[in-house]
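What follows is a single structure, written as structure tokens, with notes after it.
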Amino acid sequence: MFTIDFSDHTGLVETSWLDQIDQLLTFAKKKENIHNDAELSVTFVDKDEIQNINKVYRDKDKVTDVISFALEEDEPEIDFNDFDIPRVLGDIIICTDVAKEQSESYGHSFERELGFLALHGFLHLLGYDHMNDNDEKEMFGRQDAILNEFGLTRN
């Protein structure tokens, strides 16, 4: 089973969009060969809340579009198949204000931008990063491939 706990602090995210994000992340989980049970949370916040989270936890006093907190980061590899418990991946926090601005800037829907940011955060939870050119190419390539195969394109 794959459990995603959604929380919308903004009241801007429609239920159908949550369903689409659930389907997208479930699709991505399969594409990333995660076969065991897993869970994560996705929280939607405004600019003030994400800036505060960014300041407190990342020492960056600025607004951003998405923040991920991976629970397995810097932990030894655990084979979750040996235990009858779900793999807890972590938390994804998405700023709806920034998502709206970016969707308008890029010329695609708010719904598409929320899906993009959720997948971006999900890949961070799995260990992908974009701190250097090679990692960025790998992560963004994977992200684009999953979005395109799922059918959530920029159109």
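The backbone N, Cα and C atoms fix where each Cβ goes, and this holds for glycine too.
Residues or ranges marked as Zn(2+) binding site by Swiss-Prot on the basis of sequence analysis: His120, His124, His130. Under the three-state DSSP scheme, His124 (Zn(2+) binding site) falls in the helix class. Packing around His124 (Zn(2+) binding site) is summarised by its Cβ count: 21 other Cβ atoms lie within 10 angstroms of its Cβ, all protein chains included.
Sparsest Cβ environment among the binding-site residues His120, His130 (other Cβ atoms counted within 10 Å): His130. For the recorded Zn(2+) site, residues His120, His124, His130 set the reference point as the centre of their Cβ atoms, and the other residues of that chain within 8 Å of it by Cβ are Val66, Ser68, Gly121, Leu123, Tyr128, Asp129, Met139, Gln143.
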